Amino acid sequence: MVADVRGVPEPGTEPEEPEYPGLPRRVATISLHTSPLEQPGTGDAGGMNVYVVEVAKRLADRGIAVDVFTRATRPDQPPTVEMVPGVTVRHIPAGPFGALDKQALSHYLCPFIFGVLQTEARNAPGHYDLVHGHYWLSGRAGLAAAHRWGVPMVQSMHTLARVKNMALAQGDTAEPDARIRGEDQLVRQSDHLVANTADEAAQLMVHYDADPSRVSTVPPGVDLDMFAPGSRTDALRRIGLPPDAELLLFVGRVQRLKAPDVLLRAAAALLRRDPALRDRLVVAVVGGQSGADVTEPQRLAELAQSLGIADVVRMEPPRSRAELADYYRAATATVVPSHSESFGLVAVESEACGTPVVAARVGGLPTAVRDGVSGVLIDGHDPDDYARALHRMITERSWRDALGAAGVGHAATLSWSATVDGLLDVYRGSLITEPLPVAACQ
Ligand code: UDP
């Protein structure tokens, strides 16, 4: 039952009986470091926020109430916000207001856990049937709550420190040992782990010694109503570009790890190869600064200057999802040259809009993009390789359009509804599986 912070239950908010027996009636979702109410594409808000929002809404549609616990970052945030009927965001005070980097956040785990337990005790005692943690910090908090409430703990890592450390971009700092130890603990003590791709599932087993019977692969999805094909010319007009523009698009947080510099270097190589393109070529980088990479947008603007392509590069602020759909539709290709990517929602959103993707063959991208079918996967980060693929997309229109059309079909296989089906199987299984013994906190 939803209650306000003073512990007064709100009448008539008891969740309906779920559609299927054996499923939880109320899930506590933990998203400590980033709120589902934030605009994705900047700061700590990215694919995980989109995931939490899309899954929570669809669980609520199926009669399963979701409370999302997140850290309060502003004094004016109400303790609870109803995102949609059945989905409540609960702001837990823990540490100073304002953005905190992940290292600092780990110092406020205890007050966060305390806040989660106190909120449940005051407002919804005994109401959560299952905890689902997102990212390792949330997982640590979720484990404590799940053990206290005697309910199953399901964990989605989204990214893994050991894997990230093997693919650092130049100048990036390695993930700390504390995170690796935290992830190790989660792998041992969570009742079930959800991986975004078969590759991530294998990484959990190989690098974290996860028990295969406690790992399920559930791919994320794409909002096929929001991201759908449409007129390229209209989309170009709506984003202020002429009908003959060749738009190369980067969407996401401007981080070294996502390598937007590779796109800029590829654009420079493309113009060396085909100088006549200069009048039509536009490179748009849509997204904001993030985490420790606060200087990255500036670094990128300087790189554009030094490459002599500042006139074709547009640095755009984070855009709403509806606006993004127009960027994808307008683009000749979306470029995802990341050094590491747990899944790559941007790639699938682009495909859903009928625009092919040129991506690095890393992480979840080989799942998100079908090489040679919905886009091109490239080994490594040599800008010339990206330039070659992009030049072919610009000059061989029929090939580019065939990739775009196949991408629409591929994206259609990845709906959020299918993600929720997969998660419900995991939840159902976790509720009937013998719980793991509570191990001592490390
Ligand atoms: N995004 C957005 N507006 C922006 C930039 C990005 O809404 O200006 C969204 C984008 O549509 C995608 C998510 O942020 O859904 C990024 O997810 P992805 O898996 O590509 O990367 P992550 O942030 O998880 O590293």
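Here the Cβ of each residue, glycine as well, is placed from N, Cα and C on the backbone.
Residues H33, D44, A45, G46, G47, M48, N49, Y135, T159, R179 are given by TrEMBL as 1D-myo-inositol 3-phosphate binders; from K102, K258, that same site also lists K102. TrEMBL names Q39, P40, G47, R253, K258, E341, E349 as UDP-N-acetyl-alpha-D-glucosamine ligands; from the candidate set R71, R314, R319, the record adds R319 to that same site. Reduced to three states, the DSSP call for R253 (UDP-N-acetyl-alpha-D-glucosamine binding site) is coil. Taking the C-alpha positions, the distance from P40 (UDP-N-acetyl-alpha-D-glucosamine binding site) to N49 (1D-myo-inositol 3-phosphate binding site) comes to 7 Å.
Closest to T355 (Mg(2+) binding site) in space, going by CA atoms and restricting to the binding-site residues R253, R319, E349, is E349. Cα to Cα, Y135 (1D-myo-inositol 3-phosphate binding site) and E341 (UDP-N-acetyl-alpha-D-glucosamine binding site) are separated by 14 Å.
Within 8 Å of the centroid of the Cβ atoms of Y328, R329, A331, T355, where the record puts Mg(2+), the same chain has further Cβ atoms from R232, A235, L247, L249, A325, D326, Y327, A330, T334, S350, C353, G354.
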